[in-house]
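A quick write-up on the structure given underneath.
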């Protein structure tokens, strides 16, 4: 096909330049960067004190002084939403790290060990995947009380199992390919195979999953803080603000716009970044040029014949002829 | 087929066992002393000892777990630490709200997601196809609580046809009223899940578009759209069924949040308040019921998937 004819130049592109060629990916990355900067800035400075209440300035409409208006106790909504970026970023990073650790640990245990450990880990992953993150959080919160630590632990465990499931089957798949067999036959040891062939092949899947884990951690934090089992009252959180505003929804419906929009855009950004990273990092999904529509086959069938699923991995708009 | 169902059934039972053990031991080991939790900070040592004896907490942990399991086998999940009422009876009553809510949400999600997903894949080069896909991408990112708040704002202020809070106290005695109360919450979860199902359907349909059998049918004179619908759709549906198990779990989680928002007396709302008062026996019963439900539904979905997908059959079946 034409992709092989052009193989010279396009193959050289790194995943980063590939990412920059995707508008959705760039927009998502910019939003996340903005979030990161807001998180750092808001640790030192916010336009007004986000917790400063003033009954005389309740329910102010948006103005230059209060960009997003004020809430029922006179707090400046912009400052609060701005300050809450810090909570979001901390939760996303820590939950992402924990999910990676759990995911890598379980998938290594489930693919590279003795048969019985491997198989029982696989069964354990299949069982643990049925535990929704929110329920894990409720389980922990019923004893430890609600906190951001509980949210991070729950997402880390819950999504870590997800990562393990996807990367385990990926490691298994790659370890049975001909080139790994050839490498083994030519004398490369298991460690060499892992470093040279398995990890580079699993990395794209892993990075994508990490992005989705962060999206899921933001939704979980918002949901649990809304329920009162996430951020404490002294921590600014978008979910908590939604809960505070809920009572007045029929009178001041516009007030819930800002925290909700912030959550939605951030989750959207991590989802889009995940999609863009998947396309950018996987040479098989790259179209060889904007005009070349027939170069790539679109997404593979979701369920392989062996019944293994790559669930979250397949909900995408990947490799679509442009 | 029978062999598959049997081995899947073993996995289900194993799953229920592991789930019950994880819930039970996490709660017991992390909470330290349940009796202390019940007695509160003002409990005297004598009171705590009495509670411990009363609830059988002085027995070894494994014995307590065994007796909990034994109770479950008889449909008895124990009694509430706070009110002393039977957990099973409360749970079954609350399920009459949560299950219809999840079911209605699923129907809304499938009705929106599958046709629009196929449409957006077939029309991928036109504006409408792209627009559907972009909107779905955005909807999939909406937190359920916020989506529900927008619906409440619209229906409480502008169009007052559906109740935005609460549930009839006599439940399904008046099916019309009950259904009306469930509609907005179900719409909240259904639209968000529908967006996820849409994206999955779209991706599966895009896969089908480039399949050899579609090309062959097109070469023999069928239009490409028709070829995708007659030959591709069954395959697309199989892919959708295969992710349904995971989506059902998402529906139940959505129910926990949405029940709180719409003040529906379901299992999710009960769980949220029981976690607040640390009613550990109820919490463990509710968590087991919800994860058990996810596991059982996963088993059913897998079995159906296996039964209808000829590619998964063993040779000779």
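A Cβ is built for glycine as well, from the same backbone N, Cα and C atoms used for every other residue.
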What range among B:264-282, B:283-301 does TrEMBL describe as transmembrane segment? B:283-301
Which range is transmembrane segment per TrEMBL? Of B:101-122, B:211-232, it is B:101-122
For which of the residue intervals B:68-95, B:236-263 does TrEMBL record transmembrane segment? B:236-263
Same-chain residues at least 6 beyond the ends of the transmembrane segment (B:236-263) whose Cβ lies under 8 Å from its Cβ atoms: 97-98, 101-102, 105-106, 109, 114, 118, 144-145, 148-149, 152, 164-167, 181, 184-185, 188-189, 192-193, 196-197, 200-201, 204-205, 207-208, 269, 271-272, 290, 293-294, 297-298, 301-302, 304-305, 308-309
